[in-house]
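Novice: The structure is given below, and queries will be raised subsequently.
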């Protein structure tokens, strides 16, 4: 017989859930920022799905440098889990952290394959760049630079990143393709194109009707619509250039795969300090710095995630996490981690707090064992979400002071050059250089804060390194 003292009620599941909800709300200040726990969780799911391709794509790129694919998957998942959870819990920011795309290609193709740098030394260079990155973050050097960037240029960065994300979405759907006569062009309509259009219209309808989880639901619906491609109609082989025999968009490649920890700690810290490798260290440092800076500013301006000073909310703590995530990447066996543009998908879903990043980070953990399942979500399914994210991030364009030409031109250059160079780093670097030069020739050099001259010199050095 179960005896219960009078006046004492057993703890109910509902009471425990209420206590947990109250704890999450207080810690992440969810109500304060006009969100709900449900919205934050859905936004975390959306962010994860939008960025989940990194679990497969990053190891594929790293494999060209000699890192086993299975070890690359393990490193990618661990870095993404640690970085994103830290961003959520410590910085309380809704921004995902994972190994950076673009900088991984620099690591694999330019450094290891092209320059013949030994893999362990290349990882050592990544580590030392992370050390310098961390020093900059904890001594507030990055925050000082952010404060020096003029507000119109910040708006331009947000819009440029928005157009860049939209371009990636159209490219993922193979809706916009390369054209030797007109640079880019519209693809011919085919079953894949029609599937993308249908998925895009459905996602827009869900967003307009304010359906909870509209972005995530749009991805799921587009994935379902993609199942017939290569099976009953159409051909999806263009989406698998490494496997021309695969004609389907939605593929089943198994259920589970064991994690591979064999490459953890395979790093040469002493050899990386040789003078001949210093240029690579500084290229990693500045590339990661500019990309992270652009993403922080762009997402903050687009979603109004700013503090009383107009800076990205909790920027100091966010930069600490970003730097430490880059630092631990090399020992775990991957190129540097950075903050992710695809965080905009969750923010567009309504996510505003660190619970978004925490949910997204936790969702990486099962894929230490379940990475084959990601082949079920084709690139075309993420395209509508990325395009709509680009739309939402372009909102600050109306805030640019277009009549102040010396301020408007650098902002405009950021807007157009980020997508046209297909590089946030190059686009922003060129815009910063243009800003200081325009102020100089217009006799307004006094408007430029001293740190901006230094950043412009570093930007020029980075561009010279790419030539």
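Even glycines carry a Cβ here, placed using N, Cα and C.
Sharing the features that TrEMBL gives for it:
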TRANSMEM  41-61  transmembrane segment
TRANSMEM  67-89  transmembrane segment
TRANSMEM  96-115  transmembrane segment
TRANSMEM  121-141  transmembrane segment
TRANSMEM  153-170  transmembrane segment
TRANSMEM  182-208  transmembrane segment
TRANSMEM  215-234  transmembrane segment
TRANSMEM  347-369  transmembrane segment
TRANSMEM  376-393  transmembrane segment
TRANSMEM  413-438  transmembrane segment
TRANSMEM  450-466  transmembrane segment
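Mind running through what each feature is packed against?
Specialist: Beyond the ends of the transmembrane segment (41-61), by six or more residues, the same chain brings 67, 69-73, 75-77, 80, 94, 96, 98-99, 101, 104-105, 108-109, 212-213, 215-216, 219, 242, 334-335, 340, 342-343, 345-347, 349-351, 355-360, 363-364, 367, 371, 374-375, 377, 379, 382, 385-386, 389 to within a C-beta distance below 8 angstroms of the stretch.
For the transmembrane segment (67-89), the list of distant contacts is 54-56, 58-60, 95-99, 119, 257-264, 318, 321-322, 324-325, 328-329, 332-334, 337, 339, 354-362, 364-365, 367-368, 371: same-chain residues at least six beyond its ends, Cβ to Cβ under 8 Å.
Within the chain carrying the transmembrane segment (121-141), a Cβ under 8 angstroms from the stretch's Cβ atoms is held by residues 65, 107, 111-112, 266-274, 277, 280-282, 284-285, 288-289, 316, 319-320, 322-324, 326-331, 333, 335-336, all 6 or more beyond its ends.
Beyond the ends of the transmembrane segment (153-170), by six or more residues, the same chain brings 176, 294-295, 297-302, 341-342, 344, 382-387, 389-397, 399-400, 407, 410-419, 422, 424, 427-428, 431-432, 435 to within a C-beta distance below 8 angstroms of the stretch.
With a threshold of 8 Å between CB atoms, the same-chain residues lying at least 6 positions outside the transmembrane segment (182-208) that come near it are 173-176, 214-215, 217-219, 221-222, 225-226, 228-229, 233-236, 238-239, 249, 380-381, 383-385, 387-388.
Within its own chain, the transmembrane segment (215-234) has Cβ neighbours under 8 Å at 42, 45-46, 49-50, 190-192, 195-196, 198-200, 202-203, 206-207, 246-250, 345-346, 348-349, 376-378, 380-385, 388, counting only residues six or more beyond its boundaries.
Long-range neighbours of the transmembrane segment (376-393) within the same chain, counting only residues 6 or more positions beyond its ends whose Cβ lies under 8 Å from a Cβ of the stretch, are 46, 49-50, 52-53, 158-159, 161-170, 172-175, 192, 195-196, 199-200, 202-204, 207, 215, 218-220, 222-223, 226, 236, 239, 249-252, 298-299, 302-303, 342, 344-345, 347-348.
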Novice: Can you name the far-off residues of the same chain, 6+ from the ends of the transmembrane segment (347-369), with a Cβ under 8 Å from a Cβ of it?
Specialist: 24, 28-30, 33-35, 37, 39-48, 51-52, 55, 73-74, 77-78, 80-89, 91-97, 213-216, 256-259, 299, 302-303, 305, 385, 388-389, 392-393
